[in-house]
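Copied over from TrEMBL:
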- 9-43: repeat 'PPR' (REPEAT)
- 44-78: repeat 'PPR' (REPEAT)
- 79-113: repeat 'PPR' (REPEAT)
- 114-148: repeat 'PPR' (REPEAT)
- 149-183: repeat 'PPR' (REPEAT)
- 184-218: repeat 'PPR' (REPEAT)
- 253-287: repeat 'PPR' (REPEAT)
- 288-322: repeat 'PPR' (REPEAT)
Amino acid sequence: MIEVGCKLDIVTYNTLISNACRDGKVQEAERLLEKALNSRLVLNKLSFTPLIHVYSREGDFERASILLVQMTECGLKPDLITYGGLIHGLVVAGEVDAALTIRKKMMERGESPDACIYNVLMNGLCKKGRFADAKQLMLEMLGHNVSPDDYVYATLVDGYIRSGNFDDAKKLFDNIISRGMDPGLIGYNAMIKGYCKFGMMKDAVFCISKMTKRNVYPDEFLPTIIDGYIKENDLYGALTMFCHVIKRNYAPNVVTYTSLISGFCRCGDIAGAEKILKGLQLDGVAPNVVTYTVLIGSCCKEGRLAKASSFFEEMLMSKCNPNDVTFHYLVNGLSNNAPCAISRTDTESRLDKPMLLDIFGRMISDGWRPISAAYVSIIACLCLNRMLGAALQLTDKMLNKDFPLDSVTLAALLHGVCSVGKAKEWRNIIPSKLIEPKLNVALKYLSIFGRYSTHEVTTETSLILHTLLEECKSNE
């Protein structure tokens with residue numbers, strides 16, 4: 001139309017600008033706005049607002065602000081829609097203070113924020129952890145007879161609890177209820193977390209009863225409640241709540257089961273914890289790193305190395321990656337209870353021992369320092385379970401700490417490399433610091449590793465070690 005010389009009115013220009021912004025053609029929208037200005041038409045808010053919104057969404061607040069100023073210079077007063085788009089964009093970008101400045105300017109120009117703008121600002125403040133500012137904004141909001149929505153109330157309640165301000169959280173929550181508003185799942189969950197965090201389990205249960213009366217059901221909060229009971233050392237309360245929701249056909253998740261396992265472990269009841277673990281697995285729920293680490297840590301603290309090693313072996317067979325906490329428990333448990341690893345009272349025979357304990361016990365018998373033997377045994381178990389990446393990461397951490405690792409580590413890592421089909425690349429994978437003259441020791445321990453591996457992998461690893469041994473002899 002423009003190309004053929006048709007003269008457009010402002011309504012047509014506004015429609016074209018809006019469509020261009022909608023389709024992401026920002027430069028075309030800018031060109032249309034410039035043509036409208038040059039045509040000396042009387043522009044209105046709809047001429048600028050689409051561009052201000054699109055620039056706000058894209059994070060180009062400088063250009064959005066320039067257009068806002070240009071709009072006012074044309075004698076136009078931005079409305080809630082114009083301001084709202086800019087404020088929302090700033091909050092999403094994390095520029096909450098800039099958004100608050102825009103709110104202040106709009107109020108100075110006689111435009112009061114609506115519930116949507118207030119909610120966006122309060123949500124942004126809560127995400128920044130600025131709960132005092134959010135509360136002040138809420139008071140201003142209520143002073144203008146504008147009510148926050150349920151989500152903002154719930155966010156504030158959760159924020160107060162996270163910052164340890166339980167009294168204000170409870171006052172606000174009670175205020176929500178007294179106003180006849182529904183805190184919803186988020187609000188109730190935040191409050192229940194608060195009660196549990198501060199050991200107020202009776203209040204948490206009472207809160208659940210209030211939920212059910214309002215047709216909000218607490219199944220989603222089972223992990224929070226059970227964890228609260230466990231932290232209060234009330235295993236009976238945790239089990240009672242667990243049984244209560246099981247009767248309602250609620251399927252517990254791994255977090256719920258892990259909380260119960262932690263409770264049994266706190267009471268020193270490893271057998272009870274193991275029953276929960278088996279129940280978890282029968283229900284088709286996969287234990288996670290926290291589940292296994294809780295069990296391993298408890299067994300290590302009680303000196304039950306065989307059981308800790310069995311859980312570790314099960315963890316690796318499930319391809320569940322251990323973390324630094326898992327390693328910490330195992331290293332401390334093994335190194336502090338080294339005599340148990342070679343005593344008859346720990347296990348009947350070497351064949352009955354879990355892999356970790358067998359390797360560790362042999363290294364202790366051969367004169368290794370307990371802490372060195374612990375780390376190397378863990379690395380060996382990772383390699384024997386084809387978890388080469390985790391083994392190399394742990395090796396790197398030890399080398400960076402100048403921790404002494406030796407030919408047994410080399411044998412383990414070579415075995416790990418061969419088990420994942422990368423035998424030809426071993427020199428690029430294994431740190432050169434580990435290649436040392438004591439290769440006969442590496443061959444000895446490779447024969448031990450072979451009991452837990454395939455003949456093919458052990459043979460391939462042995463060939464590499466024998467090649468290295470010949471290289472060392474020729475260099476002497």
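A Cβ is built for glycine as well, from the same backbone N, Cα and C atoms used for every other residue.
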Q. Can you count helix, strand and coil residues in the repeat 'PPR' (79-113) using DSSP?
A. 26 helix, 0 strand, 9 coil
Q.
I need to check the long-range neighbours of the repeat 'PPR' (184-218): which residues 6 or more away from its ends have a CB within less than 8 Å of a CB in the stretch?
A. 150-151, 153-155, 157-158, 160-161, 166, 169-170, 173, 176-177, 224-225, 227-229, 231-232, 234, 237, 241, 245
Q) If you average the pLDDT over the repeat 'PPR' (288-322), what number do you get? A) 95
Q. Going along the chain, which residues at least six beyond the ends of the repeat 'PPR' (114-148) come within the CB cut-off of under 8 Å?
A. 80, 83-84, 87-88, 91, 94, 96, 99-100, 103, 155-156, 158-160, 163, 165, 168, 179, 181
